[in-house]
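A.B. asks: Before anything else, here's the structure in question.
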Amino acid sequence: MNFFQNNVNIFSGMHQGSWALLFILFFVTYFLYIKTKNRLATIMHMILRLFYVIMLFSGAGLVIAYDYVTFYVIKGIIAVIMVALMEISCVRAKKGKNNLYAFYSGSALLIVVILMGFRVISF
């Protein structure tokens, strides 16, 4: 626990940076799959998955550092659901299937989690 509290700035920087890149990479990857640029989209998808892991790891570190405050736990749960929907939408786009529900849901949750991160949405 002390490790996380001592390194909260490192986790915060990792988390903010990964969110910025995650936002961009998701839309680039999704639209590359839509345009059937599969080779480049697959490379971008692997990089996107790496940033999923970095974002989830740093977010878990921040939740631990902030002593499991309910707001951050709920934000983390929403973020995990968002990652799942983003992954589903990319995979369905790769297969050429209808994926608008997952895409819009993942995009909406992405906006909600970002607004929660900037404390625009709070409770």
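Including glycine, each Cβ sits where the backbone N, Cα and C put it.
In case it helps, TrEMBL gives these features for our protein:
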TRANSMEM  16-34  transmembrane segment
TRANSMEM  46-66  transmembrane segment
TRANSMEM  72-89  transmembrane segment
TRANSMEM  101-121  transmembrane segment
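For the listed features, I'd like the structural context: burial, neighbours, distances.
C.D. replies: Long-range contacts of the transmembrane segment (16-34) within its own chain (CB-CB distance under 8 A, at least 6 residues past either end) are made by residues 40-41, 44-45, 47-48, 51-52, 54-55, 58, 86, 89-90, 93-94, 103, 106, 110, 114, 117.
For the transmembrane segment (46-66), the residues of the chain that approach it from at least six positions outside its boundaries are 1, 4-5, 7-8, 11-12, 14-15, 18-19, 21-22, 25-26, 29, 72-73, 75-76, 79-80, 83, 86-87, 90, judged by C-beta separation under 8 angstroms.
For the transmembrane segment (72-89), the residues of the chain that approach it from at least six positions outside its boundaries are 26, 30, 49, 52, 55-56, 59-60, 62-63, 66, 99, 102-103, 105-106, 109-110, 112-113, 116-117, judged by C-beta separation under 8 angstroms.
The list of residues near the transmembrane segment (101-121) in space but at least 6 beyond its ends in sequence, with Cβ under 8 angstroms from a Cβ of it, reads 19, 23, 26, 30, 71, 75, 78-79, 81-82, 85-86, 88-89, 92-93.
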